[in-house]
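Report on the following structure.
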Amino acid sequence: MQDIKNNKKIIRGWAMFDWSNSAYNLVITSTIFPAYYTIITTTKEHGDKVTFFGRTFVNTALSNYTLSVAYLIMAVLLPLLSSMADFRGNKKIFMKIFTYLGGLACMGLFFFELKTLELGIICFALAAMGYIGGVMFSNSYLPEIATVDKQDRVSAQGFAYGYVGSVLLQIICFVFVLKPEWFGISDASFPARFSFLLVGIWWIAFAQIPFALLPSGSPNKERINRQVIHNGYQELIKVFRRVRSARVLRRFLSAFFFYSVGVQTIMLVAASFGEKELHLGTSKLIATILIIQIVAIAGAFIMSSLARLIGNIRVLILVVLIWIAVCVASYFVSTAGQFYVVAAVVGLIMGGIQSLSRSTYSKYLPENTPDTASFFSFYDVTEKLAIVIGLAVFAFIEERSNIRNSALTLSVFFILGLFMLIVLLFTKKEQKAEPEEL
């Protein structure tokens, strides 16, 4: 694969995968879908209660449970699918399967109304699974298309493409939602549902560029056997044993798991909170998410610069303290202005904690380890399990009290993560091999 590394055309093609699927992350996960879902599932007769296959749920709790199950399924399946793709040498096929699954599921949301709740929730789950799977196989191309010294820049290029692509489609959808009369639309639900259809078309259409330009690998026509299936999970078990024996790495991952429960959950439920508690409406929610995205880019650079001055762990401790304050502030937020301020703070620390966590983990890996892919697979599974627990706890608390108590409860996970980071700060001083800048 050496001859394709650092090829500008291939790298641009790879970055276009972020362009294609980031629209899902913005429109479906963060803006239009949460607002639309909350509005149509809140009725005068039943309030915020909905019936899903005969069982009654709080509407936003149901959507959070759904995402939790989708992430759990993918956390279980990805090690198996990764092993199968490596064995068959055809990971592009898996990348296509998940892209078409996600894109078609988004198109299916066009038919989502209160009377088709079950269909909508199933499509919502399938879209999430398509996104998770596609991203995992796309990320695995990075070492193949870029040399180590270029990977940071190439990864950033993908992020930039994703940001531009998602915002561009968001603006198009924004026009339909805010000015339906320009297009002769009288059905109030049509602009949002049409936006979901556009996301699916956008996702699949632009994904054809990376599908055409990325290498296909060397397909292996041998049949998949039990050993191949076993290998996917066996690699994770091996990594788990190595992590357990490495005290610093183990404590960092423990801290990462706990604060990720809070970070990832807040990112996924912020829009629902704004609509349900403050009734912001789609336009204000979109503005809020755009604020978060723009500030997050600056936050990542600020945290990176600060880490060079005082060290990664100290910066993470500072950021987690701010996250705790965000949870407490969310409990008391009562106006749109207050929500915007909290959103700006979230944006500032969101980009920083994600980029800093991954780079810190990378520096804590055993020196000269040949299987970094397995270690990062373990890292990804840890993060997904954190999302599963965070969404499930958030939904459980909301069903039994309210969404503000759910937000406040997340502070417990940040406090646990903070404690582990403080313990780690003292532990790493005893590790002679640990990089000084950490």
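Our numbering is plain: 1 for the first residue shown, then up by one each step along the chain.
Keep in mind that glycine also has a Cβ here, set from the backbone N, Cα and C atoms.
So that you can see what the record holds, here are the features copied from TrEMBL:
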| type | residues | note |
| --- | --- | --- |
| DOMAIN | 248-438 | domain 'Major facilitator superfamily (MFS) profile' |
| TRANSMEM | 21-40 | transmembrane segment |
| TRANSMEM | 60-81 | transmembrane segment |
| TRANSMEM | 93-112 | transmembrane segment |
| TRANSMEM | 118-137 | transmembrane segment |
| TRANSMEM | 158-178 | transmembrane segment |
| TRANSMEM | 190-214 | transmembrane segment |
| TRANSMEM | 252-273 | transmembrane segment |
| TRANSMEM | 285-303 | transmembrane segment |
| TRANSMEM | 315-333 | transmembrane segment |
| TRANSMEM | 339-357 | transmembrane segment |
| TRANSMEM | 378-397 | transmembrane segment |
| TRANSMEM | 403-426 | transmembrane segment |
Handout entry: Of 93-112, 285-303, 315-333, 378-397, whichever stretch has the most CB pairs under 8 A to the transmembrane segment (403-426)
Key = 315-333
Exercise for the section: Take the transmembrane segment (21-40) and find every residue of the same chain, 6 or more past its ends, with a Cβ under 8 Å from one of its Cβ atoms. Expected result: 59-60, 63, 99, 102, 106, 109, 113-114, 120, 124, 127-128, 130-131, 134-135, 161-163, 165-167, 169-170, 173, 177, 189, 192-193, 195-196, 199, 202-203, 207, 267-268, 270-272, 275-276, 280-282, 285-286, 289, 293
Practice task
Answer with yes or no whether the transmembrane segment (93-112) touches the transmembrane segment (118-137) by the criterion of at least three Cβ pairs under 8 A, sequence separation 6 or more.
Solution key: yes
Practice task
Answer with yes or no whether the transmembrane segment (60-81) touches the transmembrane segment (252-273) by the criterion of at least three Cβ pairs under 8 A, sequence separation 6 or more.
Solution key: yes
Practice task
Could you give the residue numbers and ranges of same-chain residues that sit at least 6 residues beyond the transmembrane segment (190-214) on either side and whose C-beta is under 8 angstroms from one of its C-beta atoms?
Solution key: 9-10, 12-14, 16-17, 19-21, 23-24, 27-28, 32-33, 35-36, 92, 95-96, 99-100, 102-113, 134, 138, 141, 145, 165, 169, 172-173, 176-177, 180, 282
Handout entry: For the transmembrane segment (378-397), distant same-chain residues with Cβ under 8 A (at least six beyond the ends)
Key = 58, 60-62, 64-65, 67-69, 71-72, 74-75, 78-79, 132, 136, 236, 239-240, 243, 253, 256-258, 260-262, 264-265, 268-269, 358, 361, 405-407, 409-410, 413
